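Single-structure report; data block below.
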Amino acid sequence: MTPEDFYMALKELGFDLSQKQKDQFQRYFELLVEWNEKINLTAITDKDEVFLKHFYDSLAPVLQGHIKNQSIQLLDIGAGAGFPSLPIKILCPNLDVTIIDSLNKRITFLNFLSDELGLSGVHFYHGRAEDFGQDKAFRAQFDIVTARAVARMQVLSELTIPFLKVGGQLIALKAAAADQELVDARNALNVLFAKPILNENYKLPNGDGRNITIIDKKKETPNKYPRRAGIPNKKPL
């Protein structure tokens with residue numbers, strides 16, 4: 001998917017990018033490839049592949065109508081090089097975006113990137129989701145939490161649901177169907193007072209399969225969740 005194909009595909013879906021937005025995506029690509037030589041950010045560096053498998057792929061929640069350009073609080077867990085939240089932020093500049101990532105080098109990249117792209121309303125924190133999830137400044141503060149290929153739902157739910165306000169949504173993007181994951185996560189979701197409202201498979205323009213799962217938070221998360229760092233992965237709910 002060339003940049004032009006990318007812009008045209010978005011336009012056909014009702015998102016006519018300004019020159020500034022096009023420049024932001026172009027500069028994002030350049031910096032991603034440049035920094036990737038210093039720190040491991042992505043295995044995908046071909047321009048057409050980046051525009052398809054990182055940029056277009058990240059925008060699925062917006063293109064499908066689940067995230068709109070409004071001033072709400074979005075948290076991205078384990079965003080790595082900024083996916084999916086920063087492409088979403090470029091498309092929806094009114095969003096307030098926070099990223100938590102466990103690798104400080106990636107946070108350094110994200111700070112540099114956001115300065116270069118002229119993004120405002122973005123915040124980057126180094127640390128573990130389990131620790132931030134028990135911090136009152138972060139717990140139950142977000143309208144949406146996104147996670148792209150981070151962990152299976154049984155684990156992911158404990159890492160993300162505590163950050164949501166009641167009525168907020170976890171939007172999880174994956175490469176594979178999530179049916180079995182949701183079965184395995186049934187107990188975790190019950191314990192966390194959360195409920196799946198969407199589990200949908202779709203295709204990228206090149207035919208590659210993807211999945212989007214949306215979980216609603218129904219009540220306040222019990223205080224003991226998330227458990228301390230490493231436990232959710234070792235002993236899933």
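Heads up, the Cβ atoms here are built off N, Cα and C, so glycines get one too.
Its own atom aside, the Cβ of A129 (S-adenosyl-L-methionine binding site) has 26 Cβ atoms within 10 angstroms in the protein chains shown. Look at Swiss-Prot and you will find G78, F83, A129, E130, R148 tagged as S-adenosyl-L-methionine binding site, backed by sequence analysis.
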DSSP three-state assignment (helix, strand or coil) for A129 (S-adenosyl-L-methionine binding site):
helix
Could you give the maximum C-alpha to C-alpha distance in Å for the residues G78, F83, A129, E130, R148 that bind S-adenosyl-L-methionine per the record?
20
For G78 (S-adenosyl-L-methionine binding site), the number of other Cβ atoms found within 10 Å of its own Cβ:
22
Over all shown protein chains, what is the count of other CB atoms within 10 A of the CB belonging to R148 (S-adenosyl-L-methionine binding site)?
23
If you draw a 10 Å sphere around the Cβ of F83 (S-adenosyl-L-methionine binding site), how many other Cβ atoms fall inside it, taking every protein chain shown into account?
24
